[in-house]
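Taken verbatim from TrEMBL:
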COMPBIAS  587-600  compositional bias 'Basic and acidic residues'
DOMAIN    84-173  domain 'PPIase FKBP-type'
DOMAIN    197-285  domain 'PPIase FKBP-type'
DOMAIN    309-397  domain 'PPIase FKBP-type'
DOMAIN    421-504  domain 'PPIase FKBP-type'
DOMAIN    560-595  domain 'EF-hand'
REGION    573-600  region 'Disordered'
Amino acid sequence: RPPRTTAAASTKDSRVYEVSALLFLRESDRRSDCSEFRGALAMDVRSVCLCVLLCVRCWAGPVEDVKIDRYSLPTLCAREVQQGDYVRYHYTGTFTNGTKFDSSLDKGAPFMGLVGSESKVIPGLDRGVQGMCVNERRKITIPPHLGYGVTGAGSVIPPDTTLVFDVILLDVWNKADKAEIRTLFRPQGCRRSVQRSDFVRYHYNGTLLNGTVFDSSYWRNITYNTYVGQGELIKGMDEGLLGTCIGERRSIIIPPFLAYGEKGYGSKVPAYATVIFDVLLVDVFNVKDDVQVEVQDVPQPCRRKAKAGDFIRYHYNGTFQDGTPFDSSYQRNSTYNTYIGLGHVIAGMDKALLGVCVGERRRVTIPPHLAYGENGTGSLIPASAVLTFDLHIIDFHNPSDSVDIRVTHAPAECSNTCTANDLITYRYNCSLLDGTRLYSSYLPQVTLGQGAVIEGLEKGLQGMCVGERREVTIPPHFGHGQDGGSGVPSSAVLLFELELLELQRGVPEGYLFLWLEDSPEPLFPAMDLNHNQEVPLEEFTDFIKLQVSEGRGRLRPGVDSDVIIRDMFTNQDQNSDGKITANELRVQTDHGEIPDHEEL
């Protein structure tokens, strides 16, 4: 009815239309989504009529809603799409007859947008993606009133057209999200965790939320090395690495605004993509770190500690902080030998070896700036690697060291001490300073001063009494030197445990016989026992043995007396006729005769 012109009529008619509209709206509100027209009750009659005309369709019966076919679901669903989330998905739009009208796959880029009241997609598609999981596939059938309605969309979508969207969800995130950390493995006894300004080395696998791998340090077989908390990483990784322990594995889920944002990362990471980094922390240190020394065992007593300038031999096992071995002297069955404090080894090792005792065991952790630095060394030590060495000190010495003699037992009486040319009988044990026994000997005989033993042992035996015991420490320059010896390592310090058992006085080097008092004058008549003016071997032998038995002379010890006397006789029998005469006994030199007959 057309409205009346008077105010009264207008008021009356308005009431009539108010009632009619109210009834209509209540019915339509029950059947469809026309509740937004309740406000028409406050409008004038003309507006109410317009409202009724707009909602005429509501009288046709129940309105069809979006139909969802979840035809492919992931095994795990950590999160479902909710209003207020941002989503990335691929879609293909078709009519009910299968004709395609649009596809993000054809465009080469997924759709990204907000879900909910501020969504910029048709209402049916906005409803259809709610509750989806990443990697879920849905077929969403959208009736016209939740699609492009009675008007359609240009020449692409006809009016009153039901649409079908095939959707796969790639990503979902919210502006309230933070970097999410999931600890996969954490080793026991975490001594140190990542702090801001630390330098770290880690391996990683980088994936998108749908599982697509976009990068991996394992592909390059090299760790990613960087500072933490100094803007060298994406924000989410800077936060996600804090608190990580060496050897720990964690998964860091980073929303786009804390990752690569609207630009993505080249062809690897698309715009607005959530990224996941599965991280294994290999190493961590700080540029302020110094050498860390953990003393594990110190033998007692420790008589001496290593100092700069000493030459040291030690065994070691070298590992990275995650426990991976990179080198070992034990594998070569040879100690590492070097000088301390002279720059012959890395700076951290030079520092760590100062003050060690023989036999000590210590663990040394060396940061890269005191080791092999940013370059590493070949394929053995990677760049910026922290090194851990488990050390066992075998021995050390200084080039200025002398033979060290320590008397462990002195007999009550000591009237005679051994000296050069004496023949001695002794026993010994020879060991390295770490206690490794090299060899032992019982009752060896040696003539001192004849070069029969190493110089250090010669010095250690000098001046001993019978029954005396000593410990003699011999540096390698008085032992077997840099080349070592049979069973003796190169540059080894040796420890001899000695006991002198017997002492026989000797004769000067080159002598076979020594007069202990003046020789008889004249000598030949004394030798010529039967006074026949000639002395054969038998008579000469009797004469010499008589001198020895009566203490007037001494044969060279350690050699059969008959052999020595025969050599002496041969030396005097100048014409080799088997007898010595008075003329043969007169030995002439440039300075005249030898009056004491030392030739004997």
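All positions are counted from 1 along the displayed chain.
Just so it is clear, glycine is given a Cβ too, placed from its N, Cα and C backbone atoms.
With DSSP states grouped into helix (H, G, I), strand (E, B) and coil, the domain 'PPIase FKBP-type' (309-397) comes out at 13 helix, 38 strand, 38 coil. A mean pLDDT of 95 is what the model gives for the domain 'PPIase FKBP-type' (309-397). Taking DSSP states H, G and I as helix and E and B as strand, the domain 'PPIase FKBP-type' (84-173) has 14 helix, 37 strand, 39 coil.
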